[in-house]
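**Q** Sequence annotations record features per position, and here TrEMBL assigns transmembrane segment to 29-47, 119-141, 161-183, 204-222, 261-280, 301-323, 343-363, 406-432, 438-460, 472-493, 513-532.
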Amino acid sequence: MTDTDLPSMKDEKVKTISRSPSRWNTLEFYFYYACFIIIIPYMFYVAHSLSKETHVHYSQYASRLSEGWIFGRKVDNSDAQYAHFRNNLPKLLLLSLLFIGLNRSLSSFTQRVDGRLRLLALLSIIVTTALHGTSAIKILAIISTSYTIGRLAGGSKLNPIFSWIFNLGVLFLNEAYNGYTFGAAHTDLNWLDNYSGIIPRWHVLFNFVMLRLISFNMDYYWQLNKTRAEYKEKNDDDLIVTALSDKDRINIPCKPTDYNYIYFLAYVLYTPLYLCGPILTYNDFISQMYIPSSNLTRRFVAIYAVRLVCVVLLMEWVLHYIYVVAISKEKAWDGDTPLELSMIGYFNLVIIWMKLLIPWRFFRLWALADGVWVEENMVRCMSNNFSAQRFWKSWHRTFNRWLIRYVYVPLGGAKYFMFNMWVVFTFVALWHDIELKLLAWGWLICLFLLPEIIASQLFSYKKFGNKPYYRIVCGIGAVGNILMMMVANLIGFCVGLDGMKDMLSQIFGTVDGLVFLVSVVCTLFVGVQVMFEIRESEKRRGDKRYLM
């Protein structure tokens, strides 16, 4: 476990196959391949059948569909979050190209970091004003207040206390007052509310700004308590010119003079990562201004761009042929079979994964093309997760690392794991949105983590790893994990508590439903064994993703 990954109380399941030879060419796995060839296409067939115009429920959700562009098919653009991104993708692409061109042109006038960051801060303020109009004044007021708190509190413990109180308070007030209006302060200011920019609801995106505000204040606080020189036996100048590892860029403080207002503005309002991340710490950002990451190459950026285009086209195909989002919004599933209901739930989760993957990859690509390295948020497919603990390492990876650095470790880390996980997931739920279903999601995650944690301690590899049944028992436990994760995420991000209750009662409230449950368990077990072997293959070739 590293200080940038959520703890997994030792990943016992991977150890079950860590010393065994490859199973890809065994009779057991040939059986699994046959299952994949039959089951996966059939899953798509069922989901597509529910989306045909001839289906009995089509008229219930047809109004949510829009005109498409693939072979005369309608498109399910009913997810408001992804629809906003999809509809504005051409504008975002144009903005990204203009930003990169302007930033590079302006930066060519000066090679000094100070000069480049001043120009970057100015450019970011201009873009923020274009996006939010006069609400940019509100944003600047809030972030400047947070900066002032950090600078005044300095290295005292009041810094993290007041920084967290202020920023959490802003999240709640933003929601309560719907982003505020100038007219509420004074009627003479009503005219300012008429210039709201391209994205009037600025406060919806402020959650990501809040993470950067905490990062600056906490990194500054730690720098004052443990200076740069204490991390390595080198002076400050040596640390600037020496190529640092990704971990060093995060942990080693910047120079004291680097924690200033101009650099702060350039970081907090950095346009490629402003709207929805991925998340970069202040220390890392400033470090890259001095020495760009060695991870960045033109070839990597070009290949990443091609991958983004491919996944966007795949999402378009899914939205044109599988209308499960519209179906779930209208709850148009009365009389559907347990299999059909489960496919509605499963493909909703697939679309949730893709609707987050695509914007994160777009904005990451924007940052990469601009010369800033930021980690990938999603490193595994949604369907390639068997551990609830590992799932959070690979789902929103940069947020996970932010949580470890700024929440989990300051609260005592693994020493108080059973307490800290409740604090962490309560914060995560409230940070996403102040809704009951998200609180339920966060607390369900904590509850569902407990069986895995307890089982990994009682049924450890050290005690039972040499038993022939160990991998099988771990597989059964992993199936339970998958079912619980699906339930939690459907509640939090799709159908809510009532919708989940309705779906579960219809799936498992009959004899046919219980028989179907057995088939689901068997199918997931096959998938889990393949997941185990994928990670074992990664381990054999030295790929650290096997830990996720």
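Including glycine, each Cβ sits where the backbone N, Cα and C put it.
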**Q** Taking 3+ C-beta pairs under 8 angstroms (sequence gap of 6 or more) as contact, is the transmembrane segment (204-222) in contact with the transmembrane segment (406-432)?
**A** yes
**Q** Six or more residues out from either end of the transmembrane segment (343-363), which same-chain residues have a Cβ under 8 Å from its Cβ atoms?
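**A** That would be 43, 46-47, 50, 79, 81-82, 85, 89, 92, 272-273, 275-278, 304, 307-308, 311-312, 314-315, 318-319, 322, 324-325, 327-328, 333, 336, 376-378, 381-383, 396, 486, 489-490, 493-495, 503.
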**Q** Below 8 angstroms Cβ to Cβ, which residues of this chain, lying six or more residues outside the transmembrane segment (472-493), approach it?
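**A** Sequence-distant neighbours of the transmembrane segment (472-493): 12-13, 16, 345-346, 348-349, 352, 385-388, 391, 429, 432, 437-438, 440-442, 444-445, 448, 451-452, 455, 459, 464, 499-500, 503-504, 520-521, 524-525, 528-529, 531-532.
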**Q** Decide whether the stretches the transmembrane segment (513-532) and the transmembrane segment (29-47) have at least 3 CB pairs under 8 angstroms, with pairs required to be 6 or more apart in sequence.
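**A** The transmembrane segment (29-47) and the transmembrane segment (513-532): touching, yes.
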